[in-house]
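One structure is given here, and the rest of the page talks about it.
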Amino acid sequence: MSAKTILSSVVLVVLVAASAAANIGFDESNPIRMVSDGLREVEESVSQILGQSRHVLSFARFTHRYGKKYQNVEEMKLRFSIFKENLDLIRSTNKKGLSYKLGVNQFADLTWQEFQRTKLGAAQNCSATLKGSHKVTEAALPETKDWREDGIVSPVKDQGGCGSCWTFSTTGALEAAYHQAFGKGISLSEQQLVDCAGAFNNYGCNGGLPSQAFEYIKSNGGLDTEKAYPYTGKDETCKFSAENVGVQVLNSVNITLGAEDELKHAVGLVRPVSIAFEVIHSFRLYKSGVYTDSHCGSTPMDVNHAVLAVGYGVEDGVPYWLIKNSWGADWGDKGYFKMEMGKNMCGIATCASYPVVA
């Protein structure tokens, strides 16, 4: 074994051990600041392989913050190269004075193609919403709304490396509806939807739609609790048990395709609504503010990610939707993001629906 190989192996062991230490926040604006002995070890170890630069120190802080583990030096160098590209995108975007900011997160060492494979579902044609069934009334809408303040929104979850966003959007809507109807919280099974809802044009880790998931649950007689049917993030055989049902769906209500006025009425006066939109490459690095981008599409065949609209408001003069994601609480603004309202931005009102529970 060469001296270089021995050094590389030792460095990787130190990197992994130090990364398992205290969870330290990442501040890409000041990558040189050393805040713990564990971080100092990571910085020194990574620098031995990649050299000395601000990018290298930023990368070291990133690996420490997110507990990244690489198989060998070659993979570390590859991930560093990708990280540099993403860091440059973050910095160049944030200099433009836009209504939102990007930031380093757990996806900063992934290519766009890798991210697509693990986080996004295949585009779904949500034709069920061409003619909506939501009834708009004359009731006055609140100027702002945040269903979290009513205590009915369940905690942010993490879909992991499975394109099952549609299941988390579905359970998020059902958990909120259940809490609203019965005055208590519940956690429902995403894995049952991954494994069992295929007959309703859903594809497990390859994507699906909340509207179709609601129809499956209605036909099936219910959805099991998370405790009874826990999430694995893999396509498996169906293990539904009627005795473990946590909620039943009486009906589902669709928002007319692209009708943000209907969506605002539903979110403002009824409850959180399952929605879908097109994620493009910059969005995965969202950190704060109101996201907007003219490059994303808004047709039924563009949308590739399902989420949950839990409110709306105005920030610095820009109206927005408040949305719960399923990429963990470390992503974005504690697992949430804001999307510009009024332009069907990225198709935010293209595939919207909500359930009626029992």
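Keep in mind that glycine also has a Cβ here, set from the backbone N, Cα and C atoms.
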Checking Swiss-Prot: of CYS162, CYS165, CYS196, CYS238, the cysteine bonded to CYS205 via disulfide is CYS162
Record Swiss-Prot, residue CYS346, disulfide partner from CYS296, CYS351: CYS296
Same chain, 6+ residues apart, C-beta under 8 Å of the C-beta of CYS296 (disulfide bond), given in sequence order: PHE277, GLU278, VAL279, ILE280, PHE283, ASP302, MET345, CYS346, GLY347
Go through CYS196, CYS205, CYS238, our disulfide-bonded residues, and report the one whose Cβ sees the most other Cβ atoms within 10 Å. CYS196
Out of CYS196, CYS205, CYS238, give those disulfide-bonded residues positioned within 10 angstroms of CYS165 (active site), comparing C-alpha atoms, in sequence order. CYS205
When the number of other CB atoms within 10 A of each residue's CB is tallied over all shown chains, which of the recorded positions ASN125, ASN254, ASN325 has the maximum? ASN325
Counting only residues 6+ away in sequence within the same chain, which have a CB under 8 Å from the CB of CYS162 (disulfide bond)? THR118, VAL194, GLY204, CYS205, GLY233, LYS234, ASP235
Given a separation of at least six residues and a C-beta threshold under 8 Å, show me what packs close to HIS305 (active site) in the same chain. LYS119, LEU120, GLY121, CYS165, ALA276, PHE277, GLU278, VAL279
